[in-house]
Amino acid sequence: MDLKFNNSRKYISITVPSKTQTMSPHIKSIDDIVVLGINLSRFSKITQFFICVAGVFVFYLIYGYLQELIFSVEGFKPFGWYLTLVQFAFYSIFGLIELQLVQDKRRRIPGKTYMIIAFLTVGTMGLSNTSLGYLNYPTQVIFKCCKLIPVMLGGVIIQGKRYNVADVSAAVCMSLGLIWFTLADSTIAPNFNLTGVILISLALCADAVIGNVQEKAMKLHNASNSEMVLYSYSIGFVYILLGLTCTSGLGPAVTFCSKNLMRTYGYAFLFSLTGYFGISFVLALIKNFGALLAVTVTTGRKAMTIVLSFIFFAKPFTFQYIWSGLLVVLGIFLNVYSKNMDKIKLPSIYDLINKTVEVKKSRTLAQTV
């Protein structure tokens, strides 16, 4: 933009850059969808969708498989917190590398906020990993699907919120599904322990809180995902390191893993890498197609994870797993429907009756003719 003066008359000329001219990377970032360094904006919408879905399924299915594979190593189950320490170290490195690739490297969120986020992150991932020492992997996944329950309880107790019938029905379905799934697990699983249920429940509560804290901090300070990952996981790494050192849990874990380098650190690296890549595709899916479709895709991924867990890892099975899992899925659908009633139009009973009558009339007419 040029401001020129001519005989006390001033005018403004605006020059629009041509397509060949380079635009600011900050302007580009508004419209571009970049995942793992690949710009998806040059593809059609349908192609972008299938790429994101493929990324979510591929990376998170591998992530779940590797997580269960690590805990299948004989003698590793007591070291869930050490696995979290290694995972946090890798996430910090990945976040640092990604942050170096962007132009704005400043830390925008205050350190005190990151200390809170890091504590919640440690609770979410550390307790979740540790619970696998006591629970079957499908049970852990079912619990992680039910984040709505602690969110609703916290909203009622802390903020005095009121929820509609769909939300309450969703919570009831999830609760019944969880109880039924857990009872089935306790009956047939040889390694079931109530400690695992307590750990994954606490992880679920931390997970329900951390999303709100992260969203508020990122919107308030306009921070990037790479900044959030780097600082929250690096501070969390320090928390876990101090905790393991004080409880003398670091030495035995290091000794055990040093004897099984490939099956511990090798798996942990791939486990962390696939988890980091998976969240990139989830964020792209949310940004480009909305939270409703993203929730649908990730729910399908979790269901597939449970199926693959029974296929690849020998474990007891009962049909109660199926019925209780369907209850949880119904609860998830009701929760999604409650938040998107304007987008999802379910037919009323009156509409269903009319449609049935019309179908019968058309069949009768066809038989008459």
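Heads up, the Cβ atoms here are built off N, Cα and C, so glycines get one too.
TrEMBL annotations:
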TRANSMEM  49-67  transmembrane segment
TRANSMEM  79-102  transmembrane segment
TRANSMEM  114-135  transmembrane segment
TRANSMEM  141-158  transmembrane segment
TRANSMEM  165-183  transmembrane segment
TRANSMEM  189-210  transmembrane segment
TRANSMEM  230-253  transmembrane segment
TRANSMEM  265-285  transmembrane segment
TRANSMEM  292-314  transmembrane segment
TRANSMEM  320-337  transmembrane segment
If you count every Cβ pair below 8 Å, which range out of 49-67, 114-135, 189-210, 265-285, 320-337 shares the most with the transmembrane segment (165-183)? 320-337
Counting CB pairs under 8 Å, which listed stretch among 79-102, 114-135, 230-253, 320-337 touches the transmembrane segment (265-285) the most? 79-102
Rank 114-135, 189-210, 230-253, 320-337 by Cβ pairs under 8 Å to the transmembrane segment (79-102) and hand me the top one. 230-253
Who are the chain neighbours of the transmembrane segment (114-135) in space, where the CB to CB distance is under 8 Å and they lie at least 6 residues beyond its ends? 67-68, 71, 77-78, 80-81, 83-84, 87-88, 144, 185, 189, 191-193, 195-197, 199-200, 202-203, 206-207, 209-210, 213-214, 217, 228, 231-233, 235-236, 239-240
For the transmembrane segment (230-253), give me same-chain residues lying six or more residues beyond its boundaries with a C-beta closer than 8 angstroms to one of its C-beta atoms, as numbers and ranges. 78-79, 81-82, 84-85, 88-89, 91-92, 95-96, 98-99, 107, 109, 114-115, 117-119, 121-122, 126, 214
